[in-house]
Every structure is written in C-alpha cells, then in structure tokens.
Amino acid sequence: MAETEIPTQLYLISPLDVRGGFPQRLERALEAGRGVVTAFQFRVKGIDQHEAARLAEPLQAICAAHDVAFVVNDSIALAKRLKADGVHLGQDDGSPKEAREQLGREAQIGVTCHASRHLAMEAGEAGADYVAFGAFFDSATKDKGDAEQPTLELLEWWSQVFEIPCVAIGGITPDNCQPLIEAGADFLAVSGAVWSGDERAAVQAFAEQIAAA
C-alpha cells in the first residue's frame, strides 16, 4: 500500500458489560476522540439477541450522532437486525462472503487473522474490508491462548503490499502503541486501556501518540 496521509485511527471495543452508565461513557469518549475515533465495536457475550439489540440501540445512536461506524462483534444476524455499519468476524463466525450476502455492499466487514499472513490474504480475497492482527500484548479482551504473537514486521509487510486496512489489537495502551503506528497499523483497536479508567483522558492520550507519530 502506498504511503497515506490518513493517520492511524482509533477503533474502540466495548467492555462486555454495557449496562448502567456506559452510554454516557461512550459519549464522553467519542467527544474526546473527534477525528481520531472512527469506529466502535459492540462486543457482548452470553446474552440472547433480543437483549443484545436492546443494549445496542442507544450506543448505535450515539455513534451515528458522532459519525462513528457501529460494528457488531461475531454476529452477522445481530448486525443485520440492527442495520449496523458492519460486523467483525472471528475465524468461527462465518465468512466475509456470507456477511456480504446478508448485510449488503456497504457493510464494513472485518476478520480476525491472529498472526497469520495466510488467513489475512484469504480474508482479503473473500471480500473483507479490513483484517485484524493480534494480540500484540497481553490482553484481558483478546485471549491469545497458545496463539502465535504477531510481529511489527507483519504490520509493515501488510501495509506495504496490500490496500486493505489493517487493525492492531490486544493489550494496546498509549504507552506501547507508538511502534504499531510506525509499523503501519491503520487502526488501533482498544478496550481495557480506555474503559478501565478515565475514558476521556485515555482517548486524548492515544490521540497525542498518534499526532506525534
């Protein structure tokens, strides 16, 4: 991919619990991240689709008001029900082709590719709009298990060879994100670093690192 003037952007991932005051926290994070936060992933586990949709609706409205893409994790069916901007697929969540058939041409479809060049190329060939590599660091959100840890060289290779954007994920903080930005990550997917403390301050700290790159 040729050098681009578009800087690295933030891709916020929700905590598993989005009840209570989370909509207000999301609002504050997006206000602090204008021009930097461009996508939000709705990621909940262990609840039925009806409850997930109920929890998603106010968050989706907040994202729309801030011109931030609302992406559903794992579930093509929920993304279709919500008319979400996109869906993020793990390796066991269906194919980009299936998602495209269900969600239409305009949907943003992302695929988890761990540390695999092969999976990323397959995803691109299948019509993915972005590929996600990780976990780069220890993370409560992305359990690496025995998975191979991706390298900075993987990001560099992808960004130089392919036009499809790449997302770096897994344990990313303002303190460790600079090498990922320099290696060519188009997006930093972040969760714990934002929601475990002051979301405004965290987003602003990421924005400062991006601006300094």
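Note: Cβ is positioned from N, Cα and C throughout, glycine not excepted.
Here Thr112 (4-amino-2-methyl-5-(diphosphooxymethyl)pyrimidine binding site) comes close to His88, Leu89, Gly90, Gln91, Ala132, Gly134: these same-chain residues lie at least six apart in sequence, with C-beta atoms under 8 angstroms from its C-beta. As annotated by Swiss-Prot, 4-amino-2-methyl-5-(diphosphooxymethyl)pyrimidine binding site applies to Gln41, Phe42, Arg43, Val44, Lys45, Asn73, Thr112, Lys142.
Per Swiss-Prot, Mg(2+) binding site is recorded for Asp74, Asp93. A coil conformation is recorded for Asp93 (Mg(2+) binding site) in the three-state DSSP classification, outside any helix or strand.
Neighbour density around each Cβ, counted as other Cβ atoms within 10 Å, peaks among the binding-site residues Asp74, Asp93 at Asp74.
When the Cα atoms are compared, Asn73 (4-amino-2-methyl-5-(diphosphooxymethyl)pyrimidine binding site) and Asp93 (Mg(2+) binding site) turn out to be 9 Å apart.
Fewest Cβ neighbours within 10 Å among the binding-site residues Arg43, Lys45: this applies to Lys45. Residue with the densest Cβ environment among the binding-site residues Gln41, Asn73: Gln41, by other Cβ atoms within 10 Å.
Between the CA atoms of Arg43 (4-amino-2-methyl-5-(diphosphooxymethyl)pyrimidine binding site) and Asp74 (Mg(2+) binding site) there is a gap of 8 Å.
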